[in-house]
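S.K.: Have a look at the structure that comes next, please.
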Amino acid sequence: MTLKVPCPQCQKTVVWQASSEFRPFCSKRCQLIDLGEWAEESHKISQNIQVDTVLSEEMLDAMEDEFLLNNKFFVEPE
């Protein structure tokens, strides 16, 4: 079964598949309109992020090291 979703900008039907280059948008135009709306802060995340735990420098360093080990496409700055 093929999944079809409405374009968030114009509501045109978009087939959700790997070959749909601009998904969930129907076109580059709709994708850029949406990006512009985010840049102008017409769209925003409505709630502040709640942080339950304060991370120490050591914890942040360990998380960064683990991330870099698992994501080989990132290069550490020299």
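Using N, Cα and C of the backbone, Cβ positions are placed for all residues, glycine too.
According to Swiss-Prot, the record shows the following:
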- C7, C10, C26, C30: Zn(2+) binding site (BINDING)
S.K.: Only counting partners 6 or more residues apart, tell me which same-chain residues put their Cβ under 8 Å from the Cβ of C26 (Zn(2+) binding site).
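M.R.: Those within reach of C26 (Zn(2+) binding site), by Cβ under 8 Å and sequence separation of 6 or more, are C7, Q9, C10, K12, T13, V14.
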S.K.: Within 8 Å of the centroid of the Cβ atoms of C7, C10, C26, C30, which other residues of that chain place their own Cβ, given that this set defines the recorded Zn(2+) site?
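M.R.: The surrounding set, listed in chain order, is P6, P8, Q9, Q11, K12, V14, F25, S27, R29.
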S.K.: If you count CB neighbours within 10 Å, which one among the binding-site residues C7, C10, C30 has the smallest count?
M.R.: C10
